[in-house]
Number of protein chains: 2
Amino acid sequence: MNQKSVCLLALLFLSTLFSGSLRAEDGYKLWLQYDQVQDATKLQAYRQTVNELVVQGSSPTLTAVQKELQMGLQGLLGKPVPASKQANQQNILVAGTPASSALIKALNLDAKLKTVGDEGYLLLTANQNGKKQTVIAANTDIGVLYGSFHFLRLLQTHQDISNLSVASAPKIKHRVLNHWDNLDRTVERGYAGFSLWDWHRLPGYIDQRYIDYARANASIGINGTVLTNVNANALVLTEDYLKKVAALADAFRPYGLKVYLTARFSAPIEIGGLKTADPLDPQVQAWWNKKSDEIYSHIPDFGGFLVKANSEGQPGPQNYGRNHADGANMLADAVAGKGGIVMWRAFVYSEDEPDDRAKQAYNEFKPLDGKFRDNVLVQVKNGAIDFQPREPFHPLFGAMPKTPLMMEFQITQEYLGQGTTLAYLSPMYKETLEADTYAEGKGSTVAKVVDGTLHNYQQTGIAGVANIGNDRNWTGHLFGQSNWYAFGRLAWNHALSSEEIAEEWVKMTFTNDNKFVAPVKDMMLTSHEAVVNYMTPLGLHHIMGWSHHYGPGPWIKDKHRADWTSVYYHKADEKGIGFDRTKSGSNAVSQYFPPVAKTYGNIKKVPEKYLLWFHHVPWDYKVNSGRTLWNELAYRYSAGVDSVRQMQKTWDSLQGKVDEERFQHVKQLLAVQEQEAEWWRDACLLYFQTFSKRPIPADLEKPAHTLDYYMSLDPKFVPGI
Amino acid sequence: MNQKSVCLLALLFLSTLFSGSLRAEDGYKLWLQYDQVQDATKLQAYRQTVNELVVQGSSPTLTAVQKELQMGLQGLLGKPVPASKQANQQNILVAGTPASSALIKALNLDAKLKTVGDEGYLLLTANQNGKKQTVIAANTDIGVLYGSFHFLRLLQTHQDISNLSVASAPKIKHRVLNHWDNLDRTVERGYAGFSLWDWHRLPGYIDQRYIDYARANASIGINGTVLTNVNANALVLTEDYLKKVAALADAFRPYGLKVYLTARFSAPIEIGGLKTADPLDPQVQAWWNKKSDEIYSHIPDFGGFLVKANSEGQPGPQNYGRNHADGANMLADAVAGKGGIVMWRAFVYSEDEPDDRAKQAYNEFKPLDGKFRDNVLVQVKNGAIDFQPREPFHPLFGAMPKTPLMMEFQITQEYLGQGTTLAYLSPMYKETLEADTYAEGKGSTVAKVVDGTLHNYQQTGIAGVANIGNDRNWTGHLFGQSNWYAFGRLAWNHALSSEEIAEEWVKMTFTNDNKFVAPVKDMMLTSHEAVVNYMTPLGLHHIMGWSHHYGPGPWIKDKHRADWTSVYYHKADEKGIGFDRTKSGSNAVSQYFPPVAKTYGNIKKVPEKYLLWFHHVPWDYKVNSGRTLWNELAYRYSAGVDSVRQMQKTWDSLQGKVDEERFQHVKQLLAVQEQEAEWWRDACLLYFQTFSKRPIPADLEKPAHTLDYYMSLDPKFVPGI
């Protein structure tokens with residue numbers, strides 16, 4: 001070994017030591033770790049391929065491109081890569097558009113670039129004047145940025161980059177985070193600390209975190225963010241706050257992230273001094289038009305409004321005898337001239353108690369199909385109740401061919417264990433996206449509705465209710481990051497598998513060591529089902545604690561609205577359990593297209609995971625396993641707890657393969673999750689046993705406490721107001 | 001240059017590059033940066049002095065010692081230092097107590113160690129068996145930890161360590177942070193995000209941040225923390241919460257940080273089911289005794305209670321016709337057997353509006369001198385009003401020779417610009433500590449009262465209302481860290497100068513480069529005076545915005561309590577301005593010892609900085625500068641703004657001498673501060689001008705807006721509820 005090799009080895013050794021012990025691994029860097037590639041062969045290959053970086057052009061977005069590539073490559077390659085405005089060397093990495101870069105223009109990529117649209121990109125290996133080039137090309141600067149993150153991801157996940165030929169474009173146009181953040185920095189259903197938006201110090205103080213937030217979103221293709229809670233405060237539309245919003249928009253703009261706001265429907269009264277907010281009143285329309293002008297004067301690329309109206313006490317057009325289309329269209333007209341859109345939520349339910357809340361959105365919105373302006377999207381939650389651990393797809397999907405329907409998923413974990421639960425949600429998203437509505441015959445998946453291909457929507461969109469707060473690791477639970485990541489990746493390309501996404505995320509976030517990647521991926525892929533099992537197996541839903549929705553509360557009843565109680569949904573009695581939504585019951589199944597309605601409505605054909613969602617089932621009914629329903633319920637609850645314990649075993653076996661700080665973080669939270677899983681299992685089984693009058697199977701763990709004990713638990717100050 | 005040198009140079013170059021660009025400098029690491037020593041000569045000397053680390057013993061605290069020294073030395077020396085249980089090499093660093101370490105025992109340090117008590121330490125250079133040793137020795141493990149941090153500080157600040165002979169012990173026994181943190185994680189008067197204490201995820205989840213918090217406190221000698229707001233919630237005394245508190249106490253214990261709680265006086269009613277909280281009621285006493293047993297069963301070294309009673313609506317003994325001593329003694333008896341103390345706050349004011357609120361604490365507490373149990377300390381704010389930008393020292397200091405008086409400073413910046421203002425508060429702390437009470441003749445400083453030397457207090461204490469939140473940099477404003485640091489350093493040794501402390505902090509936090517250190521230190525040392533000038537010059541006080549206390553509000557009047565208004569305090573009229581606290585007025589001066597009373601009560605002798613605190617002064621009164629009072633006021637307000645602009649210039653000149661992230665952070669906040677300073681200046685001068693009817697001197701900047709404009713400003717959602 002010559003002296004040079006010794007020197008290099010010493011260098012590698014030292015840099016490992018430093019990265020191992022001195023650097024705080026608190027999760028702040030998300031999946032953008034850019035640690036040096038540990039595989040020596042790959043490292044050498046990457047270093048050879050990228051000798052020099054050439055980003056021509058100097059727009060803010062191209063500046064961000066250069067900065068990100070320099071930072072990423074320096075980290076991944078363990079040495080700085082010189083950046084230049086001209087190709088001086090062999091083996092350069094060139095990134096740009098034909099307009100900004102002579103090098104890109106010279107490659108004559110017009111035909112290929114046509115296929116990737118405004119946001120897509122090409123990653124190519126090319127030769128120019130005998131020089132080998134790796135090329136990130138796009139029609140727009142933001143396309144170049146998206147391509148750059150893709151390129152870095154290839155290195156982060158140890159892919160071959162010697163002969164690239166990638167073309168990528170998003171399947172959905174508006175890929176948007178919904179922050180349910182209040183102006184006092186509390187976050188409704190937020191479990192990762194408090195709101196990122198430090199309104200008090202805006203517009204003067206731009207926290208580096210805002211930029212890192214935008215970077216993270218750009219890295220997965222998210223291109224919009226609604227800053228404020230759907231339970232809206234009109235103050236955000238006043239000039240003081242618009243200046244603050246504009247400062248955030250300025251910080252986000254280089255990363256292609258558009259800003260949206262929630263519009264409180266009664267704002268014309270509350271901050272405008274009008275007597276009404278009637279959408280057909282000319283004064284009201286004029287007020288919104290003027291307000292829109294004002295907003296666009298501060299934020300020229302303002303995205304538009306998200307509106308929750310006539311739902312859970314929020315004001316809306318129905319207060320004035322108008323319908324949702326009247327309300328949405330008024331706002332749509334106000335922003336149409338500036339390219340804005342209105343995302344009008346279908347999560348509504350009337351003041352009157354319904355026989356089945358699951359039917360309301362469909363009943364209110366389907367008749368309005370075709371009545372909305374072109375720049376309105378109706379935003380529909382994945383299921384008809386409310387972000388339950390598992391729901392069948394919402395019957396509106398496929399039912400409004402003339403109205404763009406936008407998907408609303410939750411990334412935060414309102415009913416999914418909040419901040420202490422490891423639940424990788426990609427399988428849940430995919431379950432909905434791949435569900436077949438049969439709207440235009442077999443193969444009419446929800447994904448095709450949402451991406452517009454089924455009904456030729458001109459606008460398409462997908463929203464995720466953000467799980468992001470000011471915790472140092474952004475999402476409270478480190479694995480919550482995987483849900484932010486998965487949402488973005490699926491919003492760009494819903495055809496990706498949950499497994500692919502998990503693998504990418506684990507490699508980028510932790511390590512490429514397959515002894516770590518494989519078991520953690522397995523853990524993630526089973527984690528959502530584990531939570532469903534110990535919370536709401538077999539189609540149970542809405543049986544959580546009162547108000548804060550933390551922990552089990554199947555006994556909740558006698559509240560001022562029946563449809564806010566648990567007994568309304570599980571309908572357990574001495575005969576059985578479950579909500580009859582067939583013809584003999586609420587007939588909610590009839591809202592689905594006939595092949596679906598037929599399957600869901602038939603107790604023999606309905607997928608077992610939705611059994612109690614659609615049917616009231618006798619305790620002794622034999623399910624697929626051959627067990628009685630009661631025994632199956634007991635086994636499912638127990639299996640959920642067992643799965644958590646299996647996750648604990650898996651994680652414990654990985655100590656030393658990941659830095660100690662993140663190892664301990666997950667280990668501790670898994671222990672908390674085990675306790676919570678036991679709590680759910682024991683509380684629910686004891687409670688349902690008061691109806692079933694049957695014993696818990698002898699081979700299963702017995703509850704540690706009495707039902708009275710579980711009913712007496714009353715957690716205080718649960719986060720997520 | 002041989003190959004080896006090239007290799008070393010390359011290595012240095014690379015490590016510089018990495019530290020410069022890849023590492024996020026977000027302030028999380030506080031003053032414990034441990035960056036490699038950049039001065040090559042010093043580096044070599046340090047490396048030679050510390051070849052090996054020997055920490056014998058394995059208590060949790062000694063484990064923390066070894067971990068900290070290893071981490072610190074690896075960072076500072078740029079290479080790992082081998083740790084061993086035996087001295088194998090020349091030039092070792094040995095840390096321990098005679099009890100835990102044979103090496104220390106062999107040094108026969110008993111006589112020297114006697115002088116440093118339970119928490120002090122020695123840093124020595126010694127020879128043992130011909131081997132040169134650097135020694136950190138103490139009587140207790142925690143003393144060793146404090147000494148280790150001192151030793152690391154020597155390297156961080158580039159001190160000579162070749163011939164050490166340091167003995168250090170704290171002057172004050174209880175050095176305590178007061179967190180005004182609520183159980184919902186809001187922080188009263190908190191401007192750095194929200195509470196660090198994530199109660200929901202406790203006790204199961206111990207965030208690394210808790211440990212880093214304890215480390216930071218230990219590094220400056222803070223040995224206690226009150227976790228909860230003085231406006232207390234009894235829930236924290238219930239078993240569920242005590243388990244959470246115990247988990248925090250366990251995490252803090254290795255770092256010598258004791259946990260205290262605030263006791264809500266009405267807890268026996270609210271969580272105990274009693275009908276009264278009368279401190280003389282045997283049932284109430286029994287309840288507190290039992291509660292104390294319960295607390296100590298969870299937290300064997302629980303520190304005790306901090307109590308705000310009969311103040312601003314908090315319940316207290318006066319509700320039952322008892323006095324503060326009755327209340328404090330009941331709680332003191334409950335914890336006395338377990339070594340607990342009670343810190344009973346003197347920040348009280350009665351329900352009735354007083355002629356001068358400044359006099360109330362003295363009037364209520366002085367008659368009780370000698371009536372408190374031995375384990376009670378009366379906690380007195382530095383001044384008699386409430387953490388104003390500047391206050392004369394509280395007249396209680398020196399007035400209660402038989403009762404340990406504990407100092408309460410604010411570290412958070414309630415009236416000092418909150419989260420956007422650079423104000424280094426050490427000069428403010430020192431101003432109070434060095435004030436002469438004349439209680440026992442000349443030289444009876446407040447510091448001597450607090451450290452117990454004046455009146456031979458057996459218990460001594462000092463509290464700082466914490467400025468810590470869950471912002472990534474802990475304190476919101478990066479320079480807020482310097483106040484946490486200064487508080488700790490002064491609590492340990494109030495004889496340190498503000499300049500010494502600033503120099504240490506700047507070097508440890510940023511760099512030893514004197515081109516950076518000197519100007520930043522200057523900036524810090526003038527920063528508090530700048531704020532006083534543009535907010536409340538010449539002894540003005542309590543003229544801030546309503547309720548949130550942000551921004552100017554000298555016009556505040558007609559509220560339900562006169563002593564919550566501004567006009568009550570400034571008393572501006574056509575003749576002049578200021579609160580007459582002499583014999584012709586409220587006679588508050590009479591609460592001071594005669595030499596002080598005589599000085600403060602005489603308009604010719606009173607230090608000008610307190611002029612309007614004690615005197616109502618005519619607008620045309622000639623002050624020291626020869627200007628009229630009105631003109632001086634205008635010049636002072638303007639000088640404050642100018643000082644901020646000077647800070648901006650200084651900081652701008654330092655770009656490149658500090659990482660860009662922290663540079664931009666401070667630069668942006670200074671720009672915000674400039675705006676706020678102008679706002680204060682303009683609003684106050686325009687308002688006071690309505691009384692003075694005199695022009696603003698022609699050479700000064702004119703207000704940008706009208707008084708009506710400033711009075712119409714109404715900031716919403718100001719942090720710090």
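Every residue, even glycine, has its Cβ placed from backbone N, Cα and C.
According to TrEMBL, the feature active site, proton donor maps to B:Glu312. The active site, proton acceptor annotation in TrEMBL covers B:Asp386, B:Glu414. Sequence annotations record features per position, and here TrEMBL assigns domain 'Alpha glucuronidase N-terminal' to B:30-151. Look at TrEMBL and you will find B:155-474 tagged as domain 'Glycosyl hydrolase family 67 catalytic'. The domain 'Glycosyl hydrolase family 67 C-terminal' annotation in TrEMBL covers B:475-699. Annotated signal peptide per TrEMBL: B:1-24, in sequence order.
Here the features listed in TrEMBL are painted onto the structure.
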{"residue": "B:Glu312", "record": "active site, proton donor", "CB count, 10 Å": "14"}
{"residue": "B:Asp386", "record": "active site, proton acceptor", "CB count, 10 Å": "18"}
{"residue": "B:Glu414", "record": "active site, proton acceptor", "CB count, 10 Å": "22"}
Taking the Cα atoms as reference points, how far is B:Asp386 (active site, proton acceptor) from B:Glu414 (active site, proton acceptor) in Å?
9
How big is the gap, in Å, between the Cα of B:Glu312 (active site, proton donor) and that of B:Glu414 (active site, proton acceptor), rounded to a whole number?
17
Give me the mean pLDDT over the domain 'Alpha glucuronidase N-terminal' (B:30-151), rounded to a whole number.
96
DSSP helix, strand and coil counts for the domain 'Alpha glucuronidase N-terminal' (B:30-151)?
48 helix, 26 strand, 48 coil
